[in-house]
Amino acid sequence: MNNAEVLNVALDEDSSNSNDDLNYSEYQPKNHPIKSHYDMDIENVHFLLEPTMSKKKCETEYLPGTTSFGMSVFNLSNAIVGSGILGLSYAMANTGIALFMILLVFVTVFSLYSIHLLLKTANEGGSLLYEQLGLKAFGIPGKLAASGSVTLQNIGAMSSYLYIVKYELPLVIKALMDIKESNGEWYLNGDYLVIMVSLAIILPLSLLRNLGYLGYTSGFSPLCMVFFLIVVIYKKFEIPCPLEAMNMTSNSSSHDHMAHNETDDEMCKPKYFVFNSQTVYAVPILTFSFVCHPAVLPIYQELKGRSRRRMMNVSNVSFFAMFIMYLLAALFGYLTFYSKVEPELLHTYSKVFGAGVIFVVVRLAVLMAVTLTVPIVIFPIRSSLNELFCSGKDFAWIRHILITFLILAFTNVLVIFVPTIRDIFGFIGASAAAMLVFILPSAFYIRLVKKESMKSVQKIGALLFLIGGIIVMIGSMTLIILDWIHNSTSGGN
């Protein structure tokens, strides 16, 4: 098979030709050295490519996949699940059970539809790299939009991880040292602790040029979340309602609008439809929780027996599993605390159990998972910045260290000064996540899939999806900013 045949991926979707699904098992790359600046920096191999595809890049992109269906499902599930699960109970408390389930179904279905568009665009556009699709569709602006959205989403994810460190590590230290009351000790200050963890653990790991086996620790994250889900379900039947401990904290500004006039009966009665100033955060939180699109194409590339249908089956199984997991976590967390649930569910339990052994174990597991995940998240951010601003330059340790330090410093500043994790979920979910889920896949599809006219059902559907994504992004961002302004003028958080 020659190179022209390899790159000829713009075929009809229903064609029986195996090339339609990027199945290039016949292509055998030659084993000889190829000079490229990507050889100098391992970070750049699977990220932003140059417009002119060299032979090595062709070989890298179209090698036959070797990952099994089950492992691909695990990898995609791992890419989906993250800190967003901790904010879902808060979203349910501010939408009601019925409205939350409706929104959850819609976000799940729309996310799967956008993956369908992305996979078809990858076939038609001849690339399995997200940023490269942006370059082919809209040139440099498209590449910048894709790279910027991925970078912003990763910064948001990293911020949420460090925010968990900021608020959970002091509780773990208090429990391990059996400290009942805090008197302002520096080692119980979350701001100091997140900086120390960043400098002592995250920075050295992030400076590695090749993360190697650290990448396998990312598989620890979904296991921690499953453990967390089991504990949430179990504790629902152990915690009484109403909660006196939670009643003592009902003057929290984030819950005043819901709880200040509630009786015990009202407080323990689930609500099915809720509309308040915090409802606007529901869609961004859900969108943030389902973003996995930058990882879809690399997983597709590695899938054994690669085909669009097989990858959609992987996506369907992964999203269904996450749908069930998210629904159970949100439902049982909400039915435990009702309107008193906080933006970060795990932190809410500290108001009831304090230093309970089981939650110390949960916190330690989650802290270990998020701490080891941050260097993995920094990896693609640094690669994108290197490619955007230092393309073609040889690797330099000074630049490598400086970029890593600036990324980590910027994220620490965000974590220290942003009032709640809700604001991170909301802003990133309404901006970068909306771009990755709604806007970019549909825009790439409309631009790169040439064989379908704009009057076709597929193109009209993609156009409506694009318009809907723009409305969601602008509407959510506007309402979130208005809520911030209202809180700042009223002395809230």
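For all residues, glycine too, the Cβ spot is worked out from N, Cα and C.
Pulled from Swiss-Prot:
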BINDING   ASN78, THR373  Na(+) binding site
DISULFID  CYS241-CYS268  disulfide bond
CARBOHYD  ASN247  N-linked glycosylation site
CARBOHYD  ASN251  N-linked glycosylation site
CARBOHYD  ASN261  N-linked glycosylation site
REGION    1-92  region 'Regulates protein turnover upon amino acid deprivation'
TOPO_DOM  1-72  topological domain 'Cytoplasmic'
TOPO_DOM  93-98  topological domain 'Extracellular'
TOPO_DOM  120-154  topological domain 'Cytoplasmic'
TOPO_DOM  174-184  topological domain 'Extracellular'
TOPO_DOM  206-213  topological domain 'Cytoplasmic'
TOPO_DOM  235-279  topological domain 'Extracellular'
TOPO_DOM  301-316  topological domain 'Cytoplasmic'
TOPO_DOM  338-358  topological domain 'Extracellular'
TOPO_DOM  380-400  topological domain 'Cytoplasmic'
TOPO_DOM  445-459  topological domain 'Cytoplasmic'
TOPO_DOM  483-493  topological domain 'Extracellular'
TRANSMEM  73-92  transmembrane segment
TRANSMEM  99-119  transmembrane segment
TRANSMEM  155-173  transmembrane segment
TRANSMEM  185-205  transmembrane segment
TRANSMEM  214-234  transmembrane segment
TRANSMEM  280-300  transmembrane segment
TRANSMEM  317-337  transmembrane segment
TRANSMEM  359-379  transmembrane segment
TRANSMEM  401-421  transmembrane segment
TRANSMEM  424-444  transmembrane segment
TRANSMEM  460-482  transmembrane segment
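This view paints the features noted in Swiss-Prot onto the structure.
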residue : record             : Cβ within 10 Å
ASN78   : Na(+) binding site : 21
CYS241  : disulfide bond     : 16
CYS268  : disulfide bond     : 15
THR373  : Na(+) binding site : 22
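Helix first, then strand, then coil: DSSP counts for the topological domain 'Extracellular' (174-184) stand at 3 helix, 0 strand, 8 coil. Per-stretch counts of Cβ pairs under 8 Å to the transmembrane segment (317-337) identify 73-92 as the leading one among 73-92, 155-173, 185-205, 359-379, 401-421.
Listed by sequence, the residues of this chain that lie at least six past the ends of the transmembrane segment (424-444) yet keep a Cβ under 8 A from its Cβ atoms are 84, 87, 110-111, 114-115, 117-118, 121, 125, 130, 133-134, 137-138, 142, 145-146, 149-150, 152-153, 155-157, 159-160, 163, 280-281, 283-291, 293-294, 343, 414, 418, 462-463, 465-466, 468-470, 472-473, 476-477, 480.
Residues 10, 12, 117-118, 120-121, 124-125, 133, 136-138, 466 of the same chain, all 6+ positions outside the topological domain 'Cytoplasmic' (445-459), place their C-beta atoms under 8 angstroms from a C-beta of that stretch. Sequence-distant neighbours of the transmembrane segment (280-300) (same chain, 6+ residues past either end, Cβ-Cβ under 8 Å): 22, 46, 65, 67, 72, 75-76, 79-80, 82, 84-85, 87-88, 90-91, 94-95, 99-100, 103-104, 107-108, 111, 114-115, 118-119, 122, 128-130, 150, 153, 156, 306, 311, 314-315, 318-319, 322, 326, 380, 422, 425-430, 432-434, 436-437, 440-441, 472, 476, 479-480, 483. A coil conformation is recorded for CYS268 (disulfide bond) in the three-state DSSP classification, outside any helix or strand. Averaged over the topological domain 'Extracellular' (93-98), the predicted model reaches a pLDDT of 95. Mapped onto DSSP helix, strand and coil, the topological domain 'Cytoplasmic' (301-316) counts 11 helix, 1 strand, 4 coil. The secondary structure of CYS241 (disulfide bond), as reduced to three states from DSSP, is coil rather than helix or strand. The list of residues near the topological domain 'Extracellular' (93-98) in space but at least 6 beyond its ends in sequence, with Cβ under 8 angstroms from a Cβ of it, reads 258, 270-274, 276, 278-279, 281-282, 331, 334, 337-339, 341.
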